[in-house]
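**Student:** The domain 'Ig-like' feature in TrEMBL is assigned to 86-186. If you look up TrEMBL, you'll see 265-286, 1288-1307, 1605-1668 marked as region 'Disordered'. Per TrEMBL, domain 'Fibronectin type-III' is recorded for 281-377, 382-481, 485-579, 583-682, 687-785, 790-887, 891-985, 990-1087, 1207-1303, 1307-1402, 1405-1503. Residues or ranges marked as transmembrane segment in TrEMBL: 1511-1534. If you look up TrEMBL, you'll see 1639-1668 marked as compositional bias 'Pro residues'.
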Amino acid sequence: EVLPNHNWYVEIYVSFDGIECPSCLVSQIVHSFVEVTCGADVNVCWPVGSVQLPRFTLLESGSLLVSPSHLSDAGTYTCWPATPEPGVSMFSARTRITKPPVDQSVIKGTKAVMSCGVTHDPSVSVRYVWEKSGSVVDVSTSPRLRLDPDGTLHLSQTWSGDIGTYTCRVTSVGGNDSRSAHLRVRQLPHAPEIPSAALSQVEKRAINLTWAQAFDGNSPLIRYILEVSENNAPWTVLLANIEPEWTGVTFRLCAVNDVGRDSSARRTDRLSLPEEPPSAPPQTVIASGRTNQSIMIQWQPPPESHQNGPLQGYIIRYCLSGLPVDCQMKNITRPDQNNLLLEDLIIWTNYEMEVAAYNRAGRGTYSHKVTEWTLQGVPTVPPGNVQAEPFNSSTVRLTWSAPSPQFINGINQGYKLLAWEAGQEEDVTMVTVRPNFQDSVHVGYVTGLKKFTEYYISVLCFTTPGDGPRSPPHRLRTHEDKPGAVGHLSFTEILDTSLKVSWKDPNEKNGVLTGYRISWEEFNRTNTRVTHYLPNLTQEYRVTGLTALTTYTIQVAGMTSKGQGQLSSSTISSGVPPEMPGPPTNIAISNIGPRSVALQFKPGYDGKTSISRWQVEAQIGIIGENEEWVMVHQLPNEPDARSLEVLDLNPYTSYRFRMRQVNIVGTSPPSQPSRKIQTLQAPPDISPYNVTLRTASETSLWLRWVPLPEWEYNGDQELVGYRVQYSRETSKEGVLSHVISDRLEREFTIEDLEEWTEYEVRVQAINGLGSGPWSQPVQGRTRESVPSCGPTNVSAFATTSSSILVRWGEVPQTDRNGLILGYKVVYKDRGSDSVPQYWEVEGNTSHSVQLSGLGKYVLYEIQVLAFTRIGDGRSSRPSILERTLDDVPGPPVGILFPEVRTGSVRLIWQPPAQPNGIILAYQITHRRNTSNSNAATVDVLSPSARQYTASGLKPESVYVFRLTAQTRKGWGEAAEALVVTTEKRARPQPASRPTVPQEDVQARSVMLSWEPGSDGLSPVRYYTVQYRELPDSNWTVHSASVNHEASSYIVDSLKPFTSYQFRVKATNDIGDSEYSQESEAVTTLQDGKDIMEMRLTDSVALQTRFPKPFSNLINGVLLGFRVRYRELQYDRLRSFTIRTINSPASNWAELTAPYSVRNLSESSLTQYELDNLSKHKRYEIRLSVYNAVGEGPTSTPQEVFVGEAAPPQSVTIQSSTATQLDVTWSPPPLDSQNGDIQGYKIYFWEFQLQNETERLRTMFLPELGVKIKNLTGYTTYMISVAAFNAAGDGPRSPPTRGRTQQAAPSRPSFLHFSELTTTSVNMSWGEPGQANGIIEGYRLVYEPCTPVDGVSKIVTVDVKGSTPLWMKIKDLADGVTYNFRIRAKTLTYGPEVEANITTGPGEGAPGPPGEPFISRYGTALTLHWTSGDPGRAPITRYVIEARPSDEGLWDILIKDIPKEVTSYTLNLDMLREGVTYDFRVIGVNDYGYGSPSAPSPSISAQKVSPFYEEWWFLVVIALVGLIFILLLVFILIIRGQSKKYTKKADSVFIPQLKPLFLLVRPQGSDSEYEVDQNRGGQQKTHSFVNHYISDPTYYNSWRRQQKGVSRPPAYGYTQPEPLHPQPLAEQDPIQPTTNTTPRHPPPLPPLPPLLPPGPLSIPPAPGPPGAP
């Protein structure tokens, strides 16, 4: 024991033989000497080792001298007898407790170690017994207890039942000993009992809180924590000042001791503070004029923290601005209402408005005043002192005074002077006059009125919204003037010396007619003029005293008081009645300009009277014989004109003119058309019309217009385009333009605009010569977007070690891009890669915020951004850097003991994770775990130190190391680590299988719990937690730095509604343990996400399309979608301007208007149609998804414009020509047009070929008809019409069918040749690709390319019908090139296809076979021949040709004779009987037909006649008959002499041949003949006999031919049919005419005889070309 004096004493106890001697107490001052004497009077010896130090000396008396003494020398010294007594055992040392247990205080759940170190003779066994409060502790009864061999008692997982006094008893033969120590288990304190809260009766905003002190957890209480919950909000630590807005609060108390804070705090009953009036005004108060008598005011509620109770409503106070008048009040009793329409206001008046909120305690403070004008109205009074008087015959002068400004109700835009005729109020002539603010009397003129006409005159004043009332009308009449020309001047009853003149009143009397003036004179002899004045009722007059057959000029004019009017004159010859005039002639064109030309002409027959008017008609644009002629100019009363100028033409347009002349009788026929001309180019005359502008996106506008019609191009259409000019509406600077080169373009998207900005746009047409006028400007606003830059003047100031005050200014006006709804402060630790954090400030009135909960002494990057309803804008630039203030540091981290020996350890560490300042030093202390903290060794190290070696430690001992860091604020929190001085360390054992209680499972986090395993005599430094997402098998580290004392851990940043497994491993100084077993699968709870896309479908319905949300974003089971939509008001608020930050806009309504919500409970939906929307409105749409837990965030708002679709009606089609269809339709009904129709789109396609042939014709004018041209003839078309307007195309009408008329067909698709010989060829052709009608036949024309024998003959063949499509031509010459042309015919002939071919033989073809000879056997003929030269290829077959010997045409008789055969037998039945034939043979190889052999000898096809056909037999029969007749006559004469008889003569029937007819054209320009295919089907024609008639010489010489013998014609052709034996009389001959151009006329051949009537047998001809 150390006494509290200036001198410290050392006390030494002396024992003998292990028995203490109480009287042997030595007490001396430290540093003095001490003599220790053994109490027994015996020889003694001191234990070895007691006197090892130099300060210990053994005296002869046996005493022990200690000099000088130290404090550490205090203790008990034992001496033993030097010579033992007999029978007594002697030991070197007595058994005694040298390391007794010490009093301990441990935290509940930790380990307690009670040591009991004993010193004894090594030969003595020692027994340890521990007792607790007198009871023996049996360590085998509980796994928490363990007794080491050295007597140390371990208690793990301590609890309150372990509290008590523990005694260690040691027994042995060498002595017994015992020591005691007290164990105290500390725990968390209990919550204070019976907390009670009551309102203070003394102070207004005070609460009295009382409680009873509870159990302190065996540790003195340090403090109490008072927490508060407001309206069931999360618990927060209560600040010193209790705010009055906490209307319903609950308190709870927590006690804190050195163990920690109690978590089971008890709460008070709910306590409500009394309400107070709101302490803050409503936020964001804005106003906007809606009409001329109403203003919409909107606001946001006061901040919730300043409402001081449930709001009951709002008070709106408003009055006239700047006037000392009483204010009016409006009471809003609904607290959720945040806008009010103030009505019945004064037109065009400035108002001040304030808003205050109130609750049950009263009204709060009023907001700042906002001012707004009601919109302009129309004037309520007309101009005064209106005076009107005629100025001349077509002008009226008016004077008036302006109405009082108080009745104009807006800005005076000017005056409108109105004039209308009585009874025609709808036809008003209007003149606009600008206001004149300098003069009190205004003057204006209305011009262009009708002469001498009664008018009503009135004046009105107008403003931008509209016109004011008219002044009372003044009735007046314009002045009188000279009349116009009389009407319908005519002559009747024309005699030699007189005629009757008639006329009608002038169409323009221009006053009161006083009479007429009529005069006449001989033509061009003014000295013969006779004038008469007639009363006004006379409209005819007989002119007498004329000279016969003399031309007179007669003139008639009306008269008023202003004089004689315009003359109407005409010429006429006396005695000669006038006639219809003839057309002008010799029209010439000169002086062609853009809009005019000069015509010169020669007048036609005048009809014996003067020409009163010249008329000019023209074809415009499309020139053709069938195109329409339009009247373009008239020139009256110029009978001697020989030229005129035609004005008002369209530039760059094709014209063709013709003229008519008009006299008193009528109008002449038109003249011959002039040549086609084209006027010169000029800039466009008009601007595109129906220009509309729509919002396309945040930075673009969609502009549409109706393109110019073609006739308004005024130039080359390739150079026609449009120029778009746009600028900000409020500034004329920075005007931009864009040129569009496509003349048909009707829309353009203006890109790269500023967000949320009003633009003015106009369009003009351009061509190669210049620009046209600008269209009327249109306005449009880009869509709201996010701010394009951050607020200005951002600053930051650190206020504490964990808070920074941030201030900022406003976002520049041009970069707001919408209505600022609030701000977000973006901050992050500059030295880390962590995700930036956001601190949101709602409302745009706050420009500062205190960031709290920040890291200490951390350098932060701070930016501020503004956000609109669309989203977050850009952050401010550059980032502001600010560091929080410093503080005491956190504990160092990463303490490890890489080297551990039995007497020393080396530890390493890392600086604190939260240094909270600049580290100035480290302090390290260490002590044995069982020793008092006062015995710890302390070392202070430099701030750069990262390791420390502690030596002089005891082996197999547990040491506690504490490491702290120091900043200028002081020493920080210490980090503790245990180490055992042993070399038997090992890796830790794995922890138990982690468990996750279901109550600890959240949507994105779970809490794991585990039991630690053995630490392997090296304390665990940290734990590592891994997880994996099922069913994937990859493990991911969530944290590798879990506190070594932890047995639970919260795993966050997980995916909702996802299954996971977890595992844990421990790490000590030696290494890692194995991972624990995987936990059971755990599924997190559900949450939500969103995604969306939209598309407009029709006028009053929207179709919202949204792809299926990704499964990993659903965060649960998708239950459905939620669609929010509301109408926006952008288009109504063209006068919108951004105000100050306190009143940022005048149209907050669309932002605060409530959404309409549609809940879609089908999770499989991908689109949804919103119906029952308003037409011509803009809507905002948002989409969100929801699951069982709740709703996810809404999508970015999408804006769409609803409306304007228009289907046409009653589409009809009329076929006009073969290439044109006239389509007409009716406009859609008015109630379904949904806007101004800008034009129509006509879709047309061939029937059943829509995909391949569909075309589009766009009409940019709202006309109701179109002529679709350039179609295919005789083709069925389907036509559908759709209307379009500024919003887009409407639906198509149902397709209507129509067919064009027939037209000329296209050319035949091909022309092929086959079986080409030296004199014949088979020709075939294909049908036209486009028939364009019903094919009636074909026309074939062929001719030699060079004359044959000096003759160039053109042969034309007409084939009737659409089939067959081939023909054999046989009248060709050897080795001559022929040109063949064929074309099809419907109503008329189409284009032809042509080809050339040269007759054989071709190169490589066989040579001629040997001359054939014929043998005859009965009715059969056999031809024999020999093979000739095979040519370049072997002969494949032979062909036999035959012809009548009288110069007929060769035709194939037999083909496909095998190549081995050199003879062929044919029957005479194949030939015509009685005709003599020649035969020849042709060889065929792969190169074609070869040269024919020489003709065979002629042989007759006459059969051998029987005897009864011989002449002698007929003569005998005739003689016998004659004798018989003579005998009969003789008998009758004899027997009938008395009777008269009459002799009868038999009549003989003579068959008559069918004649042949021939039509010859003497000029011979073109020969034509027809082949009648229908007749050909009934009368089979012999192929080559028909060719007899193709030679013109044949028709002139047939009488000279012998019977049965015919002469071959020069050219021939045949039907492509098999040859059959038929009588020649039944043939239907082809009727040809030929065109010959002989160079040397050939001699006339002999005349052939008539063809025999008998049959002619000829073998059948081949079939179609190429047929076998």
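Cβ atoms are placed via backbone N, Cα and C, with glycine included.
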**Student:** Between 86-186, 583-682, 790-887, 1307-1402, who has the most Cβ pairs under 8 Å to the domain 'Fibronectin type-III' (281-377)?
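**Tutor:** That would be 790-887.
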**Student:** Can you tell me which recorded stretch out of 86-186, 382-481, 1307-1402, 1405-1503 has the most Cβ pairs within less than 8 Å of the domain 'Fibronectin type-III' (891-985)?
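**Tutor:** That would be 86-186.
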**Student:** At an 8 Å Cβ cut-off, counting only pairs 6 or more apart in sequence, do the domain 'Fibronectin type-III' (687-785) and the domain 'Fibronectin type-III' (1207-1303) clear the bar of 3 or more pairs?
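**Tutor:** Yes; at least 3 Cβ pairs under 8 Å.
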**Student:** Over the span of the region 'Disordered' (1288-1307), count residues by DSSP class, listing helix, strand and coil in order.
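**Tutor:** DSSP classes over the region 'Disordered' (1288-1307) add up to 0 helix, 6 strand, 14 coil.
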**Student:** Tally of helix, strand and coil residues over the domain 'Fibronectin type-III' (1405-1503) according to DSSP?
**Tutor:** 3 helix, 49 strand, 47 coil
**Student:** Can you check how the pLDDT averages out over the domain 'Fibronectin type-III' (583-682)?
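**Tutor:** The answer is 90, the mean pLDDT of the model over that range.
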